[in-house]
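> My questions will all concern the structure given below.
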Amino acid sequence: MSRLVFFTQTYSSMPCRALPRMAAGLNSVSERGLLLLLVMMFLASTVLPIGAASSPEMTTRNVKGGHDLHQEPHGSGHHNYTKKAFPVLSLDYSHVRIPFEISLWVLLASLMKLGFHLIPRLSSIVPESCLLIVVGLLVGGLIKVVGEDPPVLDSQLFFLCLLPPIILDAGYFLPIRPFTENVGTILMFAVVGTLWNAFFVGGLLYAVCQIEGTNLANVDLLACLLFGSIISAVDPVAVLAVFEEIHINELLHILVFGESLLNDAVTVVLYHLFEEYAGVGSVSVADVCLGVISFLVVALGGILVGTIYGVLAAFTSRFTSHTRVIEPLFVFVYSYMAYLSAEVFHLSGIMALIACGAVMRPYVEANISHKSHTTIKYFLKMWSSVSETLIFIFLGVSTVAGPHSWDWTFVTVTVILCLVARVLGVVGLTYIINKFRIVKLTTKDQFIVAYGGLRGAIAFSLGYLLDRVQFPKRDLFLTAIITVIFFTVFVQGMTIRPLVDLLAVKKKQETKRSINEEIHTQFLDHLLTGIEDICGHYGHHHWKDKLNRFNKKYVKKCLIAGERSKEPQLIAFYHKMEMKQAIELVESGGGVKLPSAVPSTVSMQNIQPKKSPPPAYERALPQISQGREEEIRNILRTNLQKTRQRLRSYNRHTLVA
């Protein structure tokens, strides 16, 4: 009977970086228990394996007749091998190190988010993004204490893995009507406002650097303008994290958030333009013209790429009625392909994702099942929430990782110029915009828009991509960017909620849409379209009506399967509300028992109590023959269709005497 030999082998360089990262913020009993379990697992795996090789010599296994033989010295006539015990327990952490540490980071982020929402008093005072950055600072400090190098938020990881889920969630659930109604204002803030901020901050910062005694004379103009273009753009991740907690009204939310989405094209063009010509040292008029063309290509190209993939996703969902389980997969894959395809050509990936999500949603939701819709909704919310949490934690960890180059003059002037440029830009642009808006932006609205211009991880990642050889002050730029991010997230993010309450700014009303509201909304749209036609003015409502007609006549027939392509918008909305109310009624109990034979798409009119018959004086309308009905339609069509033509506009100043 063979004996089991227990012996030890020391692993002097076992990577155990993941454990110190778990130590920050674990206060509750469950979190401590989880950490203790992981520690025990590590201790168990570091115990010297049972049955490992005790001889330092190289051994080979040659099984003959069930025996393991040790090779004898060279020159013998036959080979003998010594017996080696089978390893009962062994350790190979390097094999699973990367996915294991990624899982630990995701677990840490989820536990921090869970713990934050378990303390309502804390969540009412401190925004979630601030707490997550603090957790990142603590985790980075612990990693540094144990002698390891804290990980830095890698730009490739950020732009290719963490940012797309957040933008897709925002684009897929983007409120189309408020966005299109305010798209002019949003473009003014996103394009003109971002250009103003970049040149204002970069130009004045260069002037400050040229002052004697600042020791910054070696910072040239193009480097300052590049830094201004990085730090001037409003960050969508930071805006989402703060504005969703204060429940600001829909107008202000769509203005600030829409600006943070659409300024990506301006930031991309300015970044690549100044980075390209920073080494040359001069920019000609031709370069400026090429920059303007590049902006149009980047913005419109991103929208075009997103639209193409959105149409492909909608068309693919037409044929998924027999394979419902993969319906959500097409939404995610096509969206991510749109983002990657835009990045291949240096187009705006953010605008591609926004366009893809907004284009595909109405057609995809008409084709997919209700369960697939629920899966898409909650998976996007979960994915974007985890990405947002990891971004803020990594910002804190990257701050500890360094390296930093602190200069009081440069950092202080940068923070002040960012605030001044934002206020002047919003006030000046609003003065121009209000001349064309029906609903004017008040002083309170302007204050919230200016105060809500938060910076975030996009600026940090763009600064991290700078070449240290081409930009010797890269560390100084990164330190200033981190300072601006911390100032906007902590100071502005923590004080915006009390200021909203103090100024009595209108908040978002959580009301459910009703059939009555939908009917009146469509009625007003048709009414305003008719007024524009009668006046001979091709305005917003006229083109919207043209687009809806084209969509109904051609697009819906190609992208929506079955009879639902011919379904009027009001009926489709009614079916959606009917389904939602039926599900809510069944989930809440409702005091009504539904028979098992009735399908889940039961109509609400079958559940509601029966109404009493109408009184005798309410008589039905007289029946009209089919010929008479067609005659009335011809009369209306012949006389009313003329108003669709371009007519001359008349007023009291142009009337002939």
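Just so you know, the numbers here start at 1 and follow the chain as drawn.
Just so it is clear, glycine is given a Cβ too, placed from its N, Cα and C backbone atoms.
Predicted automatically and left uncurated, TrEMBL annotations should be read as such.
Since we're looking at a predicted model, the values are computed, not measured.
So TrEMBL lists these for the protein:
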DOMAIN    107-500  domain 'Cation/H+ exchanger transmembrane'
DOMAIN    597-656  domain 'Sodium/hydrogen exchanger regulatory region'
TRANSMEM  34-54  transmembrane segment
TRANSMEM  125-145  transmembrane segment
TRANSMEM  157-174  transmembrane segment
TRANSMEM  186-209  transmembrane segment
TRANSMEM  221-242  transmembrane segment
TRANSMEM  254-274  transmembrane segment
TRANSMEM  286-316  transmembrane segment
TRANSMEM  336-359  transmembrane segment
TRANSMEM  380-402  transmembrane segment
TRANSMEM  408-434  transmembrane segment
TRANSMEM  446-465  transmembrane segment
TRANSMEM  477-500  transmembrane segment
> Out of 125-145, 186-209, 221-242, 408-434, which stretch touches the transmembrane segment (157-174) the most, going by CB pairs under 8 Å?
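Between the candidates 125-145, 186-209, 221-242, 408-434, the best contact partner of the transmembrane segment (157-174) is 221-242.
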> Residues sitting near the transmembrane segment (254-274): Cβ under 8 Å, six or more positions beyond its termini, same chain?
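Cβ under 8 Å, 6 or more out: 167, 170-171, 175, 178-179, 182-183, 185-187, 189-191, 193-195, 198, 222-223, 225-226, 229-230, 232-236, 239-240, 243, 283, 287, 291, 294-295, 298-299, 302, 346, 348-351, 354, 448-449, 452-453, 458, 462.
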> Can you name the far-off residues of the same chain, 6+ from the ends of the transmembrane segment (408-434), with a Cβ under 8 Å from a Cβ of it?
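184-185, 188-189, 192-193, 196-197, 200-201, 204-205, 208-209, 214, 216, 231-232, 440-441, 445-446, 449-450, 453, 455, 476, 479-480, 483-484, 487-488.
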> Considering pairs 6 or more residues apart, do the transmembrane segment (286-316) and the transmembrane segment (221-242) have at least three CB pairs under 8 Å?
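Contact criterion not met.
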> So are the transmembrane segment (446-465) and the transmembrane segment (221-242) touching or not, going by 3+ C-beta pairs under 8 A with a sequence gap of 6 or more?
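These two stretches do touch.
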> Who are the chain neighbours of the transmembrane segment (186-209) in space, where the CB to CB distance is under 8 Å and they lie at least 6 residues beyond its ends?
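Cβ under 8 Å, 6 or more out: 179, 216-217, 219-221, 224-229, 231-234, 254-255, 258-259, 261-263, 266-267, 270, 409-410, 413-414, 417-418, 420-422, 424-426, 428-429, 432-433, 449.
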> Counting only CB pairs under 8 A, let me know which of 336-359, 380-402, 477-500 has the most with the transmembrane segment (221-242).
477-500
